[in-house]
Amino acid sequence: MKRYRPAIAIAVFFAALLVVVLLTQPSPIQAPANVTPTVSAEQLKLQIISFPEKESPTRLELKRANPAKTTVFKVDGNWKVEGQDSFVLDSTTVADTVRSLSNLNGTQLVDENGTNLATAGLDKPTFEITISGSSFNKTLQVGISNTVTGAYYVKLADSNKIWALAPGLIDQLKGWVDQPPPLPPTPTPLPTLPPTPTPSPTVAASGTPDSNLTPAPTPVTTTVATTTAATTTAPPPTTK
């Protein structure tokens, strides 16, 4: 037993050392699951509308200046057109569009102080979009579009900052003033055709013919008797 004591002592020493290392090593830091992503200063400059995270939009108003017309969408179970209860609206498309509008970013911050409102057509906006919730309300004013990029110049009603905004969303909403998106018709299912019967394979007959078949008639050979007429030769005449 004595000869094993040094080995045991060494093993105990290393085991104790391992425990000390494990106890003193710092544990990895885990990030909280609900941490809000950090937004850079450049991203903040392009942020036009940012709806509160815990609030959902319930009303969308589209107002055109010329010819003057206003169309309002509201949530009543699903999205509907105000004053047109019989109109079957594509509620999913409206909800997706409102979601994009509630977190809207421009492509460029054109003017931070609003010194060029008239140049951008924002001194007298031709189109306004108002998105509302229970405690949040923002109105986006739309000016002219850039002749090169097609982007619209926009600003908020309570701010003088001017942004450039890609035209897709604005053009879509302008079209909704006169023609809200209808619910697509349910496609009519095609009739189910009966299956085509598979033809049975034709089996060629082989071996002895079927006894039930009528045998072919045996050809009758008719023997015709040929009569040979006897020819009598007359003796030559006698010469006197």
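Glycine is no exception: its Cβ is also placed from the backbone N, Cα and C atoms.
As annotated by TrEMBL, domain 'DUF4340' applies to 79-176. Counting residues per DSSP class in helix, strand and coil order gives 22 helix, 35 strand, 41 coil for the domain 'DUF4340' (79-176).
The region 'Disordered' annotation in TrEMBL covers 177-240.
Counting residue by residue with DSSP, the compositional bias 'Pro residues' (179-200) contains 0 helix, 1 strand, 21 coil. The compositional bias 'Pro residues' annotation in TrEMBL covers 179-200.
The compositional bias 'Polar residues' annotation in TrEMBL covers 203-213.
Under the heading compositional bias 'Low complexity', TrEMBL lists 219-233.
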